[in-house]
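Written out below as structure tokens is the structure these notes cover.
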Amino acid sequence: MHMLSTNAWEKRGHIMTKQTFMKGTLILILAGLIVKILGFINRVMLARIIGAEGLGLYQMAVPTFILIISLATFGLNVSVSKLVAEADARGEHAQVRSILRISLVIVSVLSILFTTVMLLSAPIISRYFLTDERAFYPLLAITPIVPIIAVSSVLRGYFQGKQNMTPTASSQLVEQVIRMFTVIILASWLMPRGVEYAAAGAMIGVVIGEAFGMLSLLFQFRRQKLPKLFRQHSMSGLLKHNRETFRNLLDISIPVTTSRIISSLTFFVEPIIVAQSLLLAGMSAGAATSFYGQLAGMAMPLLIFPTFITYSLSVSLVPAVAEAAAQKNDKLIYRRIYQSIRLALVIGAPCAVLLYVFAEPLSTLLYNDEAVGHFLKLMAPYSLFLYFQSPLQAALQGLDRAGVAMRNTIIGALLKTAAIFLLASRPELGVDGVVLSVNISILSVTLLHFFSVSKITGFTIEIKEMIKVLISVALSGYTALHMTRYWSHLMELPQAMVLGICLALFIYTLLLIWLRVLGKQDVQRIPWIGPTLAHFLPRR
């Protein structure tokens with residue numbers, strides 16, 4: 001098997017065209033919006049099919065599978081993205097192939113190992129840790145997803161490092177569309193057998209969706225007509241020829257993976273500590289499971305709905321910052337961090353206010369459960385800090401400070417775990433203690449990330465611009481609340497609420513333009529329609 005030379009590769013013209021940082025981000029945001037809407041519809045339909053108890057069983061399995069995925073993927077999506085961007089900036093195309101070779105070998109070995117671990121440990125975890133043996137079925141059903149996500153993470157990292165976000169965006173769309181149908185069909189089909197089987201059916205639907213997403217990435221990878229990645233030599237020979245690449249991957253992957261493991265362990269331990277703490281507070285096991293379904297399966301999806309924006313920012317920001325750092329361009333580093341935080345603020349602030357204002361009616365409308373609105377209202381004010389978290393962490397990773405991000409994550413996880421145990425076990429707080437603990441964790445990690453980025457780059461938030469955004473969002477939220485109350489006497493609540501939200505967003509946009517927060521140069525970056533819209537706006 002013969003590998004093409006780098007020059008031959010270049011002559012064939014198969015090197016991908018880069019997208020700008022903002023264009024790549026906006027492509028991911030548009031795809032992410034569609035994915036989130038479909039995913040949210042899917043979650044609402046699933047909640048109506050399997051109920052709070054079934055959703056609780058489904059959610060109990062999720063932390064375990066996320067922990068296993070964190071171990072199997074080994075943070076390679078971030079490290080591959082960063083190293084490919086740096087190699088590309090230096091014109092080292094052979095190094096890109098080396099990064100891909102070693103990454104695929106690592107995930108193959110880890111996938112075999114951790115799929116086996118998950119299969120063997122599922123009965124033990126469900127019986128002794130999750131306090132509900134029925135969680136065994138969704139745990140078993142999700143196991144095949146491990147190698148699928150592991151391979152997908154490397155392919156996504158490659159495309160992101162090339163600063164081509166289209167394959168990632170399209171694979172997410174394929175995955176979510178397939179998942180939407182398979183989850184609902186399988187959960188409905190298995191519900192007559194019991195909620196545990198319905199939850200397992202939903203998990204199988206997730207696996208099928210991920211498989212189609214991986215096939216989409218493989219198809220687009222093959223279309224690049226890249227040189228063959230592997231020569232015919234042994235594993236030891238492969239590592240010997242790519243030792244430096246292996247070491248560079250480990251330098252990034254170990255702290256990234258440790259951060260994810262800490263988050264996953266916290267997520268894994270969370271339902272256990274929540275259940276045990278609420279039992280100490282006098283709540284029954286069934287009530288604790290239902291509460292966890294309300295919090296993790298109903299309130300949290302609403303709260304994290306806007307995080308497709310921050311995910312898109314973080315995916316684009318790691319290679320963008322890494323490329324600027326490789327070029328030793330400090331001004332470009334600062335500008336890209338500023339762009340990402342500014343976008344998170346402008347989009348995240350109205351989301352936080354609208355979630356607070358419409359907490360109860362949204363919960364009643366979507367879940368027919370007003371109690372969810374109470375939890376959502378407690379968490380909504382802190383959600384803006386959550387939306388800042390991903391881009392700040394991505395900036396640290398792009399700046400070779402993944403270890404700092406890991407330390408901050410560990411501190412937040414320890415605070416959250418301790419707070420749940422201390423607050424939720426108190427009868428006067430109970431379930432509210434769990435919600436307060438989540439808020440403490442969100443706030444602490446975001447502030448630690450911000451101070452770390454500020455110390456390294458000198459980055460600061462422009463207070464004047466933040467005040468303008470907060471004034472705009474407060475006025476639009478206040479208007480939406482009162483107009484919705486008025487319209488609810490004239491029409492059904494859902495219609496009144498939709499009108500109220502649309503009015504709020506319209507007023508918010510006008511205020512941003514009037515206060516010169518949003519201008520011509522911001523809008524013209526939007527793919528397809530941006531240049532046309534820019535003609536109608538002043539410069540800020």
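Note: Cβ is positioned from N, Cα and C throughout, glycine not excepted.
Nobody curates TrEMBL annotations by hand; they come from automatic prediction.
TrEMBL has this to say about the protein:
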- 21-45: transmembrane segment (TRANSMEM)
- 57-78: transmembrane segment (TRANSMEM)
- 99-124: transmembrane segment (TRANSMEM)
- 136-159: transmembrane segment (TRANSMEM)
- 171-191: transmembrane segment (TRANSMEM)
- 197-221: transmembrane segment (TRANSMEM)
- 267-292: transmembrane segment (TRANSMEM)
- 298-322: transmembrane segment (TRANSMEM)
- 343-359: transmembrane segment (TRANSMEM)
- 433-454: transmembrane segment (TRANSMEM)
- 466-484: transmembrane segment (TRANSMEM)
- 496-515: transmembrane segment (TRANSMEM)
Close approaches to the transmembrane segment (136-159) from elsewhere in its chain (Cβ under 8 angstroms; 6 or more beyond its ends): 16, 57-58, 60-61, 64-65, 68-69, 72-73, 76-81, 84, 96, 99-100, 103-104, 107-108, 110-112, 114-115, 118-119, 122-123, 125-127, 165-168, 171, 196-197, 199-204, 206-207, 210-211, 213-214, 217-218, 220-221
Per the Cβ under 8 Å criterion, with at least 6 residues separating them from its ends, the transmembrane segment (21-45) contacts 163-166, 168-170, 172-173, 175-177, 179-180, 183-184, 297, 301-302, 305, 308-309, 311-313, 315-317, 320, 336, 339-340, 343, 366-367, 525-527
Using a threshold of three or more Cβ pairs below 8 Å, and leaving out pairs closer than 6 in sequence, do the transmembrane segment (99-124) and the transmembrane segment (197-221) count as in contact? no
Could you check whether the transmembrane segment (433-454) packs against the transmembrane segment (267-292) - three or more CB pairs closer than 8 Å, residues at least 6 apart in sequence? yes
Contact call for the transmembrane segment (99-124) and the transmembrane segment (171-191): at least 3 Cβ pairs under 8 Å, seq gap 6+: no
Counting only residues 6+ away from its ends, which parts of the chain sit with a Cβ under 8 Å from the transmembrane segment (298-322)? 21, 24-26, 28-29, 32-33, 35-36, 39-40, 43, 47, 52, 55, 78, 81-86, 89, 160-161, 163, 165, 168, 333, 336-337, 340, 343-344, 347-348, 351, 355, 362-363, 366-367, 369, 372, 375-376, 379-380, 383, 386-391, 393-395, 397-399
The transmembrane segment (343-359) versus listed stretches 57-78, 171-191, 267-292, 466-484, 496-515: most Cβ pairs under 8 Å: 466-484
Outside the transmembrane segment (496-515), six or more residues from its ends: residues with CB under 8 Å to it: 346, 350, 353-354, 358, 361-362, 365, 468-469, 471-473, 475-477, 479-481, 483-484, 487-488, 490, 537-538
By Cβ distance under 8 Å, which residues at least 6 away from the ends of the transmembrane segment (57-78) in the same chain are close to it? 46, 50, 103, 106-107, 110-111, 113-115, 117-118, 125, 130, 132, 134-135, 137-139, 141-143, 145-147, 149-150, 153-154, 156-157, 160, 195-196, 199, 202-203, 249, 252-257, 259-261, 263-265, 267-271, 289, 292-293, 296-297, 318, 397, 402
